[in-house]
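Student: Here it is: the structure, laid out below.
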Amino acid sequence: MATCFWLRSSGAQRLGSTFPGCRLRPRAGGLVPASRPAPGPAQLRGYAGGLAGLSAALLRTDSFVGGRWLPAAATFPVQDPASGAALGMVADCGVREARAAVRAAYEAFCSWREVSAKERSSLLRKWYXLMIXNKDDLARIITAESGKPLKEAHGEILYSAFFLEWFSEEARRVYGDIIYTPAKDRRALVLKQPIGVAAVITPWNFPSAMITRKVGAALAAGCTVVVKPAEDTPFSALALAELASQAGIPSGVYNVIPCSRKNAKEVGEAICTDPLVSKISFTGSTTTGKILLHHAANSVKRVSMELGGLAPFIVFDSANVDQAVAGAMASKFRNTGQTCVCSNQFLVQRGIHDAFVKAFAEAMKKNLRVGNGFEEGTTQGPLINEKAVEKVEKQVNDAVSKGATIVTGGKRHQLGKNFFEPTLLCNVTQDMLCTHEETFGPLAPVIKFNTEEEAIAIANAADVGLAGYFYSQDPAQIWRVAEQLEVGMVGVNEGLISSVECPFGGVKQSGLGREGSKYGIDEYLELKYVCYGGL
């Protein structure tokens, strides 16, 4: 838990504080809403057609630190993955900007922690309402920078906004305890207090929702944040900063430092090793998560991490084929297969295998349409970059070379270098890359199995365990398998399981902690035991 000390000004607006441990000078008027200068027109000239006509206030290109929009010494380009067109040039923050953002967040924390839960709740609710009022523009930003189909982008904005709504309500439900001790003259109190400044590092596949799921909980708890968005999708984070400012979130409470891939490593290390940071929250690859854990270890920071997955999708003989296919379509091809909870391997019992594969292939051909995310009817957009396409292509070629059969798809799409055909493979075996390497693309490999025990063994062989799915009509089997799968989340006869009300997270090397739900706010709170004697 952070203790606040006086820091020399880093140029950020400071907040007053009544917290006795914080020796920052109070400001007249109390909390100071973030200022909102207009964006520089020179930075906006490069936007492609997907962003044309959007509110200039939402199309930000500078960092947002201490309530101010600040340029960096350099900029980096952000591209539309569908067309390759330049969307704009964004501030390329470095270590200096990262440290300034942490200082701004630390100074703001000393007052934000003292704001009443009711007021924090009200501000988060205003932020939520502004997201809803601007949902169409926010969705277009997501589609432009990530390639996600516009319909899915609209869904993400609602999902993202709902986290702010949820945590605006949870802010008022942070309760402590009173414990009666064996000694009659004592009472024991358990207090919950905000942990401090949180470093928040988010991925490109859900550039809005992965921010609000973390930041909503942090701000509700009384923490402040420094957000480092993915270099592919910084515009969503910056648009959220503008709306946070409009909502009256005080200066320094929400800070955003975009940076290029070249600077990402040093910026991430700077914010994660800074002694003023008390918490790290990260969503991304297991490899990067392990690096951040090393950074956290030196100063024993609190961490929560949602890392890679290898989600099994099991279809037992008793399953309803149509339901299983519908679930497979939803769990595999959302965001073109680029989610951490996408089904990565399909385990189908021998008795139902042929019927499932046939129906799955038919559903893919009938319902999946590859195209630009802005085109009506598109269900499968581009992958985020050509490196992602190469990974899918490598897995397909490896599987075919080892005996797998391509049922449909199997190659790059004619639309462009970042597009790949939705692909279904059968005759897949466990020695193939696609069964033990997270795909993050539109590839569905099917493994035939004989017994329940065999399916469980295959599913649990992975060293990660984020999500798992299975279809069965046998009640006893449902209980057995749900309890035996080594994952943090299980979908039983359901392919879409994410909800703001439910805890999201994994086991094994899929991460630490939970996000969303009533448990999410606890990731940003410390327990303090107070023994009150002499009664």
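Placement of Cβ uses the backbone N, Cα and C atoms for every residue, glycine included.
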Student: According to Swiss-Prot, ARG213, SER498 bind substrate; which one of ARG96, ARG99, ARG334, ARG369 is listed for that same site?
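Tutor: Checking ARG96, ARG99, ARG334, ARG369 against Swiss-Prot: the substrate site match is ARG334.
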Student: Just report the maximum Cα pair distance in Å for the recorded NAD(+) binders ARG213, LYS228, PRO229, ALA230, GLU231, GLY284, SER285, THR286, THR287, THR288, GLY289, no decimals.
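Tutor: Maximum Cα-Cα distance: 22 Å.
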Student: Considering only the recorded positions LYS126, ASN205, CYS342, LYS365, SER499, which residue has the minimal Cα-Cα separation from GLY289 (NAD(+) binding site)?
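Tutor: If we rank LYS126, ASN205, CYS342, LYS365, SER499 by Cα distance to GLY289 (NAD(+) binding site), first place goes to ASN205.
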Student: Minimum Cβ neighbour count within 10 Å among the recorded positions LYS126, LYS184, ARG213, LYS365, LYS411: which residue?
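Tutor: Comparing Cβ neighbour counts within 10 Å for the recorded positions LYS126, LYS184, ARG213, LYS365, LYS411 gives LYS184.
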Student: Express the distance between the Cα positions of SER285 (NAD(+) binding site) and GLU306 (active site, proton acceptor) as a whole number of Å.
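Tutor: Distance (Cα to Cα, whole Å): 8 Å.
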Student: Once near-sequence residues are set aside, which residues in the chain of CYS342 (disulfide bond), 6 or more away, have Cβ atoms under 8 Å from its Cβ?
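Tutor: Listed in sequence order: GLY309, ALA311, SER331, LYS332, ARG334, ASN335, THR439, PHE440.
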Student: Counting Cβ neighbours within 10 Å across all chains shown, tell me which of the recorded positions THR287, SER499 comes out on top.
Tutor: SER499
Student: Distance check, please: Cα of ASN205 (site 'Transition state stabilizer') against Cα of ARG213 (NAD(+) binding site), rounded to an integer number of angstrom.
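Tutor: Rounded to a whole number, the Cα-Cα distance is 14 Å.
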Student: Pick out which of the recorded positions ASN205, SER285 has the most other Cβ atoms within 10 Å of its own Cβ.
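Tutor: Selected residue: ASN205.
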